[in-house]
């Protein structure tokens, strides 16, 4: 033991500090606290430690209190009795498996230094009430928040409590409607990247009495977008009207409810809407899932997919980098077509 300790102490401080930051805070302090003055000094100098609290932890260890100012990241797994206000100095918070009933009383939590928030639901099919979570986010309980990712099964609706969140740069949320979309853009004027799922209730194109001209949004990803008959693309026109400086657009459509995809042979693949609203667009990605059924097998063959390819390519006509992803669900071999207007490529979300 003494020999191992001596060899460890031969390492320079820089390597020890980098190594320590890979260890969970409680394990770190149990192993190295009070060995000698040098190690004590190194431990006190650390400011990017992480703490993991899980359902196996019956209590929050009292010894952790002295290290709270040094905890940079807090990860909570399936644990219901965490008092988040005890960790007021954290900058990253990851919540996995939130409890359904009053999750951590988030409406009363204030984390003035929080920069990163991620809420992950694993293995849970229950309906999760997200309202207690998005209210403190958009009412400025986290004034330094830069990144926020909420569960995709959630549904958000704007309320009167919402205020400005100037710090937010990246936002990923679940299902939202048009007015919540506009409310988020209004509340987050410096938002740069935005992912959301379209509200499941069918929304038809409408004339907005007022809309926001959001100048800072550069990347927009819309998932579960309804694309119906040739002239029906829902409210995509209204979405794009608000973000004139967009440089990247990704549309993930849903075809669960469609009997066939024949209309896609006459579809303009959103080229006219993109041309009308997005003069600065550099990349456009379109994700089309095709589910194998007897009807689809009868109507579609390789020649049909090739026709879709040519149609997409013709519509966008090399005005920007464009890709069509045809994701063949339930087919023997998953195939994905990529049709580009340039030789360059980039990974999609």
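Quick reminder: no glycine exception, Cβ is built from N, Cα and C everywhere.
All TrEMBL annotations are machine predictions without curation.
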Can you dig out which of the ranges 249-268, 269-288, 289-308 TrEMBL describes as transmembrane segment?
269-288
Name the residue range among 154-175, 176-197, 198-219 that TrEMBL annotates as transmembrane segment.
176-197
So, by DSSP, how many helix, strand and coil residues make up the domain 'F-box' (5-53)?
30 helix, 6 strand, 13 coil
